[in-house]
Amino acid sequence: MHEEEIYTSLQWDSPAPDTYQKCLSSNKCSGACCLVMVISCVFCMGLLTASIFLGVKLLQVSTIAMQQQEKLIQQERALLNFTEWKRSCALQMKYCQAFMQNSLSSAHNSSPCPNNWIQNRESCYYVSEIWSIWHTSQENCLKEGSTLLQIESKEEMDFITGSLRKIKGSYDYWVGLSQDGHSGRWLWQDGSSPSPGLLPAERSQSANQVCGYVKSNSLLSSNCSTWKYFICEKYALRSSV
């Protein structure tokens, strides 16, 4: 009887099976949570490292792209300068050919200037009776062994404008002055620059290339593709006496 009471007492003091299972279950959950947290941290660190790596690579690619773009811009500028230089050389070549043709034809001609040309000192001028764009006007003058008018001084400008008033009045006449839209320089056909007092008074802002023309007493500028009269010029034949 006494032993049964002791056994009952011991059995009552021992923990219940449910409580022990709960503790085991609680310990298992805590370990799983820690494992998940560790894996999450490792994954986040991996993402952060990958993001930094990709960011560095993107920066490198952007830098290379900017360098390539700068090189491309420089190459385009070099090509543009070469094209302008080639065009200038072609114009000077045509100018030299026209000068030689004029010299040869003058050797067989007794008068200082051809018919329908106006003489002023050492130059002969032809005032066209047709309209054309600037480049076509240039070609028409070359066919006559001359070039578009190149005004060297204010005295020559006064003679031209005075003669035009007597011939046709106030019209527009192309001269051999042009300005490229990229370089912005005014140049005569022989590659020389006009004197500051003979620069055009106004410029068309909408055109890629503008050319000079004479109207009344002024030297102005306009789109080279517009239609105007033109003035040719060549050297007068010197007397062989």
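From the backbone N, Cα and C atoms, a Cβ is placed for every residue, glycine too.
Keep in mind it's a predicted model, so treat the numbers as computed, not measured.
As annotated in Swiss-Prot, motif 'ITAM-like' covers the listed stretch 5-10 rather than the other ranges in 5-10, 59-64, 113-118.
If you compare Asn109, Asn223 in Swiss-Prot, the N-linked glycosylation site annotation sits on Asn223. Only one of Cys211, Cys232 is recorded by Swiss-Prot as the disulfide partner of Cys224: Cys211. Annotation in Swiss-Prot places Cys141 in a disulphide bond whose other cysteine, of Cys41, Cys44, Cys232, is Cys232.
The Cβ of Cys113 (disulfide bond) lies under 8 Å from the Cβ of Gln119, Cys124, Ala236, Leu237, each of which sits 6+ residues away along the same chain. For Cys211 (disulfide bond), applying a Cβ distance below 8 Å and a minimum sequence separation of six or more within one chain yields Trp134, Trp174, Leu177, Ser178, Gln179, Ser221, Ser222, Asn223, Cys224.
Secondary structure at Asn81 (N-linked glycosylation site), as computed by DSSP, is helix.
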